[in-house]
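First the structure, in the form of structure tokens, and then the observations on it.
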Amino acid sequence: MNSYYYRLRNNKKTKFIVLCIVAIVIIDIFILLGNFSSTLYSSESLAPHLATFLAGSSLGHMMQIILIWFLPIFLLIMCADSYIQEYRTGYRYIVATKKGRFSYYKTMLFGNMSFSFLVIVCCLLLNMFIAYLVFMNGEFDKGLAPDLFPENTLYILVNSMPTISNVIYIIFFGFFTSLCAGMATVLSWCFPDMKYTYPLSFVFWFSQILGLHHSLALIIQPFNEVNLEDFIFIFFKSTILFLAIITVGFIYKVKSDEV
């Protein structure tokens, strides 16, 4: 696994996408600075817990749309489509013969999933740190008081401990990012061509983002009105779908690939 991480860290495409993700979460803070420039250093400015990337307080939500909607594209370029290049060059035969099919695919799958998790979590924690620093004096909560929805236990819990909630939701997003990376990885195995892998990965991911009441976006963005029952339903619906694709793709590839 260490050698796989080393390859990713020294890959130019990987470095470029990591820098793009960092830029996206930083640009979102600059957009917020523009939105609240007149009240930046006063108590009328945005509360720091609402200035984080996942809270989505910037007007237009442009950065959130770019990263969350097109997440599988970022992940494929960053690491998940590495198999396609190895398939074209024949490098996979060399590595798989040396390590064995199971070990080869397992290392690539868990390497991509864990690397994607670490990248997205670190970038969002960086965004959170800067947001809390810049908006430290802000008290404007956009009307999202903890008692706004007294019948919604999850809403009350999340808004009563906003800093902890931000960290937890970052981990949630990291979890689904890793599943998205795993899904994209196995799709690249089964369809080792960009014209198939990229659209399929996007369609599967976007099918979970779409929807008003059962969108995956509702459980990766804190401080919204989703209730606990819907949260649990969305969580397991999306998790089961991604795990099913990953499991079926992994078993199929290990058993069917002739090395």
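Yeah, the Cβs are placed from backbone N, Cα and C, and that goes for glycine too.
Copied from TrEMBL, the annotated features are:
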type     : residues : note
TRANSMEM : 16-41    : transmembrane segment
TRANSMEM : 61-84    : transmembrane segment
TRANSMEM : 109-135  : transmembrane segment
TRANSMEM : 167-190  : transmembrane segment
TRANSMEM : 202-220  : transmembrane segment
TRANSMEM : 232-252  : transmembrane segment
Result, the transmembrane segment (232-252) in contact with the transmembrane segment (61-84) (3+ CB pairs under 8 Å) | no
Quick tally over 16-41, 202-220, 232-252 of CB pairs under 8 Å to the transmembrane segment (167-190) gives the top stretch as 232-252
Given the transmembrane segment (16-41), its same-chain partners at Cβ distance under 8 Å and 6+ residues beyond its ends are 51, 53, 57-60, 62-64, 66-67, 74, 77-78, 119-120, 123-124, 126-127, 130-131, 134-135, 137-138, 140
Short question: which residues 6 or more past the ends of the transmembrane segment (202-220) have a Cβ under 8 Å from it?
-> 54, 68-73, 169, 172-173, 176, 180, 183, 187, 226, 230-231, 233-235, 237-238, 241-242, 245
